[in-house]
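Undergrad: Before I ask anything, let me first share the structure, which is written out below as structure tokens.
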Amino acid sequence: MGLLKSHLTVCLPPSVPFLILVSTLATAKSVTNSTLNGTDVVLGSVPVIIARTDHIIVKEGNSALINCSAFGIPDLEYKWYNSVGKLLKEMDDEKERGGGKWQMLDGGLLNITKVSFSDRGKYTCVASNIYGTINNTVTLRVIFTSGDMGVYYMVVCLVAFTIVMILNITRLCMMSSHLKKTEKAINEFFRTEGAEKLQKAFEIAKRIPIITSAKTLELAKVTQFKTMEFARYIEELARSVPLPPLIMNCRTIMEEIMEVVGLEEQGQNFVRHTPEGQEAPDRDEVYTIPNSLKRSESPTADSDASSLHEQPQQIAIKVSVHPQSKKDHVDDQEGENLEVKDEEETEPSEEHSPETAEPSTDITTTELTSEEASPVEAPERELPPAHLETTEPAVTCDRNTCIIYESHV
């Protein structure tokens, strides 16, 4: 009876928590080996996981410590496996790597020294005793800090830069060869036919007169012809040069210059061609261009400067009608009164004696001849009228106006 009343005492390690001990005792199987004489009693339990760790993060080059976190009575036997299912052993590691990579510590600890990027993965701990077996898996993650990827990216950048430089150098070489060929073609062109075209253009440019306020519209028209001729030669020269289409159209440039200067508008307003035998219209100023000033039929199509001094074929001069001044009007009235008095005196004399009529007619003829001689004295300014009857409309139309008729050449 004294044996039944005796209390059981169990020695527990101080590092195990009290709660874990209670749970272990509740689930463990009690094994009692006793005799009738009251022999000793031995207790044990299956392995259990006291803490679970999902993953561990370690930088490359550092050491990693992985705990199995298993407990059991009696003491457990630990084995570690990597992600490919290989059993990790210190003896094998010493033979393969020279030792020191894998270290199996007491309490189910796995120490990995000098972790590399290839050591990443899952590690499984298998703990077992006479009562059972349990396993725990921990994932090891390695932070890549090695310079291998930096070297890789550097190599990629260097290769890309080399390719770009090769392409640029090739393009520059092609452009240089093209420019050399173009320069050679230009030099060859100007040594042969280009020199002749430049000489012709230079000769035309030398003949272009300078327009001033004292020049006439015919000279302006000649200047326009010469300038357009020079532009045509320059355009032909530019088109014949073996270059890409980078040279602008010279004719377009010259036309823009003409529009700015206003020569084209002046030529349209003041210069026009009048057919021969046709009277000029009633305008302020009408000029015709002689054929000698037009473009000739020569191969170079240039006109002579001496053609400016030739007489035009037809010039239409305006007929101006303007009022007389007061002094001229008084003189005309006095002259008309004198003529009327002379006519009145001659009429009675003719009635009385026909012989006395002859001196009066002589006086009138002398007056007429004196009137005719006045325009002859200045032949340089204008030509005299063909008949005296042309002056009669000036008297009959209006006494206050003077009409001047000028003939056509």
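Every residue gets a Cβ built from N, Cα and C, even glycine.
The signal peptide annotation in Swiss-Prot covers 1-28 and rests on sequence analysis. Residues or ranges marked as topological domain 'Extracellular' by Swiss-Prot: 29-148. Residues annotated as N-linked glycosylation site in Swiss-Prot, with sequence analysis given as evidence: Asn33, Asn37, Asn67, Asn111, Asn135. According to Swiss-Prot, the feature domain 'Ig-like C2-type' maps to 47-141. Positions annotated as transmembrane segment by Swiss-Prot, on the basis of sequence analysis: 149-169. Taken from Swiss-Prot, the feature phosphoserine applies to Ser298, Ser303, Ser306, Ser307. Among the features that Swiss-Prot reports, region 'Disordered' is placed at 319-392. What Swiss-Prot lists as compositional bias 'Polar residues' is 362-372.
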Undergrad: Rounded to the nearest angstrom, how far is the Cα of Asn111 (N-linked glycosylation site) from the Cα of Asn67 (N-linked glycosylation site)?
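TA: Computed Cα spacing between Asn67 (N-linked glycosylation site) and Asn111 (N-linked glycosylation site) is 9 Å.
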Undergrad: For the domain 'Ig-like C2-type' (47-141), jot down how many residues DSSP puts in helix, in strand and in coil.
TA: 11 helix, 49 strand, 35 coil
Undergrad: Between the Cα atoms of Asn135 (N-linked glycosylation site) and Asn111 (N-linked glycosylation site), find the distance and write it as a whole number of Å.
TA: 18
Undergrad: Are there any residues at least 6 positions away along the chain from Asn111 (N-linked glycosylation site) with a Cβ closer than 8 Å to its Cβ? List them or say none.
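TA: Non-local contacts for Asn111 (N-linked glycosylation site): Ser63, Ala64, Leu65, Ile66, Trp102, Gln103, Met104, Leu105.
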Undergrad: How many other Cβ atoms sit within 10 Å of the Cβ of Asn135 (N-linked glycosylation site)?
TA: 15
Undergrad: Test of understanding: give the count of other CB atoms lying within 10 angstroms of the CB of Asn67 (N-linked glycosylation site).
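TA: Taking every protein chain into account, the count is 17.
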